[in-house]
Amino acid sequence: MSAGVSTQRRRREMAAAAAAATSGAGRCRLSKIGAGRRPPPARVRVAVRLRPFVDGTAGASDPPCVRGMDSCSLEIANWRNHQETLKYQFDAFYGERSTQQDIYAGSVQPILRHLLEGQNASVLAYGPTGAGKTHTMLGSPEQPGVIPRALMDLLQLTREEGAEGRPWALSVTMSYLEIYQEKVLDLLDSTLGDLVIREDCRGNILIPGLTQKPITSFADFERHFLPASRNRTVGATRLNQRSSRSHAVLLVKVDQRERLAPFRQREGKLYLIDLAGSEDNRRTGNKGLRLKESGAINASLFVLGKVVDALNQGLPRVPYRDSKLTRLLQDSLGGSAHSILIANIAPERHFYLDTVSALNFAARTKEVINRPFTNESLQPHVLGPVKLSQKELLGPPEAKRARGPEEEEIGSLEPMAASASASQKLSPLQKLSSMDPAMLERLLSLDRLLASQGSQGAPLLSTPKRERMVLMKTVEEKDLEIERLKMKQKELEAKVLAQKAEDSKEKENHCPTILRPLLHRTVTVAKPLKKAVVMPLQLIQEQAASPNAEIHILKNKGRKRKLESLDAPEPEEKAEDCWELQISPELLAHGRQKILDLLNEGSARDLRSLQRIGPKKAQLIVGWRELHGPFSQVEDLERVEGITGKQMESFLKANILGLAAGQRCGPS
Ligand code: ADP
Ligand code: MG
């Protein structure tokens, strides 16, 4: 049996991956990619590593159940039919004799260069407990694994690329965390509790509050990493004396700042992940805490499998949020990273079932397509924080000489600048440095507008012409990118709405008990309503104003509940049993739209009519809107600085869902 998909599909993906592999060759090319077109795809690469027999588990009396065929494929006995073997093909196969250097040089080293292009990369070690994941990632002092090797190379690369005289200044930071029993714990600062995982507007996953240590040498790295590794939760199981009880994630960020205009900055993230192993508790002999840990490990790996399946089937909803592990990996699987999965397997017969399931997972993962892009933006306070000499600000002498007469002439048209010395030219620039970049962008576009209308007045910004032109170009590029993202957002929203409508239709077909609007229904005490429609707050107000409206609302009042019809004179009251709420998807969508309109068009005062929005938050929302443009969905509120994810959720509940959807509302 072949464990792959059709050869045609594979060829298509290989071509896409090859295109992606070549795409990172040069900076110019990447900048273009970042400027608007859809990033090229890069398939998740998968390598399988078979470890040798360990601890004197002799191979002769217990022959291996799996064997390599060539550098990419292997076969394993078929437990259903002993005459047959199952064959698998991957991007690379490393047999028992392969060394740590083979794995590193063959599968990991090639993706590191993407970090210097401002793209993300991740390496994940997957496999059953005891199959060699930690050995592959960490290794030992005699046989260092992927982590120390990658760090050594990366630091060397950044030293070379960021040296004086090169166009970019580079810095590297590291963070180290573990996901233990669905908690995100900072291994560099064990005093911090469970950390939250967030997503920024570009789809990057981040963990606010996670410790980041700057590192400039390998000694620096070791100084932080070694003690932190001892903080990692390990325990003994029957299969492994030091079994990792958590998923360990080392995050290395490479930050680049351009030394000359247009002063871009880029950030590349490298995730090096040693996953906890999937466990069959009958074999591990787990009890008590070990069993509980194992449950959390298996659950998150199960969600990982579901995420991979959803991505492969192109499902509209990928369940990243169902576990912390998958949420963290969101931009590595089906996201923006160049990813490699190293599936570790063991030769012993008692690992047979785990091995087959690891190989099947690996085979499914290699169908996942990522779309890595360059994380590039302008440096905040464009010209200020980088301590540059005036010579650097004016550009190298060669660049000055290379400037055509046209540009020199444009420069000479500026009345002030013409006679001013270089330092006088720069003084307005230095003032600009203290300006908010968004404000700067606005002034620039205003300046442009005035120019296009033939205004003869002094320019709004006394910025020297050359710098200003470069800035304008960057602003234009950004505008294009924003337009593109907005279009994409609209497409996605349309898809989600269509999907919701379809789901609700289906639900109606399957559950005839769901209530339609309660037009002619009367409520009696003897026969309480089982389900009621919860209206968005805004809608409730509107419905109340409309004479024909007849909507039932479930209200919570102490230990009693009132069911009232808006056009009924007196609400009926009754001791409560257990009621269930049913929210009409149309109403929900309508309510959302109303709130979105209010967020986008309402004044600070209007916004205060929303639940949970006081004067301060209303101002924050208006400010955010001015800087970033309209909200494309209600959840964007979370991006407003000062509004936390929790607050956003409670805002949603209060304004849209009313009483929490689907929750039972029996007496507490
Ligand atoms: P896991 O992290 O998957 O639970 P480990 O990396 O802890 O497994 O490996 C279990 C044992 O096997 C360790 O003693 C480790 O040193 C050994 N081991 C794993 N892979 C190899 C290998 N390729 N060569 C030699 N020993 C290995
Ligand atoms: Mg381990």
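Using the three backbone atoms N, Cα and C, a Cβ is placed for every residue, glycine included.
From a predicted model like this one, the values you see are computed outputs, not experimental measurements.
Residues or ranges marked as domain 'Kinesin motor' in TrEMBL: 43-368.
Counting every protein chain shown, the Cβ of GLY130 (ATP binding site) has 27 other Cβ atoms within 10 Å. In the three-state DSSP scheme, GLY130 (ATP binding site) falls into the coil class. The feature ATP binding site is assigned by TrEMBL to GLY127, PRO128, THR129, GLY130, ALA131, GLY132, LYS133, THR134.
The region 'Disordered' feature in TrEMBL is assigned to 389-425.
If you average pLDDT over the coiled coil (475-507) in this model, you get 80. Under the heading coiled coil, TrEMBL lists 475-507.
The most densely surrounded of the binding-site residues GLY127, PRO128, GLY132, judged by C-beta neighbours within 10 angstroms, is GLY127.
Checked against ligand 1, the binding-site residues PRO128, THR129, GLY130, ALA131, LYS133, THR134 give THR129, GLY130, ALA131, LYS133, THR134 in sequence order as having a Cβ less than 6 Å away from one of its atoms.
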